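J.: Pasting the feature list from TrEMBL:
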DOMAIN    7-127  domain 'Glyoxalase/fosfomycin resistance/dioxygenase'
REGION    40-75  region 'Disordered'
Amino acid sequence: MATLNPYLTFPGTAREAMEFYRSALGGELSVSTFAEMGDPGNEGVMHSRLDTPTGLSLMASDMAPGTEGTPAVGDAITLSISGGPDDDLRGCFERLAEGGQVTMPLERQMWGDDFGMLVDRYGMPWMVNIAGEQS
C-alpha cells in the first residue's frame, strides 16, 4: 500500500524539532547524519523519520550542505492530524503547542468535531481534528 508522508526541511534544527515531535506524539525516531553518509564532521540531519504508535510517519532533514538560503518554514504546508476521541489528540495538541502559539483553540465546531490550529515552536503550522459523536 502506498503512503503519503510529510517531509520537512529545517535550517539546522531538524534533530531538535524531531525530538520535540517525538515527545509530543510518541513513537520511534531514527536519525542519519550527513557525517554518517560521507561528509565527515557534518552532524546535520540528512534524514530522520518518526513513526508514532498510531501509525503516523513524519520525516525531516536539515538543508543539504551547499544549499543557499533558508527554507521558508511553514509557508506552503500545514500538518493535519485527524482521529477519534480515543486517540489522545487533545494531548498531542497541548504538547505541540508548548513553546508555540495556538492560533485557534481546540473547541467544538459547527460541523460537530473538536478542531484547533497552532504553530509549533519551530514555525510549523498544525491542525488537529477530533471527530465528534456520530449519530
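Positions of Cβ are set from backbone N, Cα and C atoms, glycine also.
Values in this document were obtained by computation on a predicted structure and should not be read as measured data.
Situate these features within the shown structure.
T.: The domain 'Glyoxalase/fosfomycin resistance/dioxygenase' (7-127) scores a mean pLDDT of 90 in the predicted structure.
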J.: For the domain 'Glyoxalase/fosfomycin resistance/dioxygenase' (7-127), what are the DSSP-based totals of helix, strand and coil residues?
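T.: Grouping H, G, I as helix and E, B as strand yields 24 helix, 45 strand, 52 coil.
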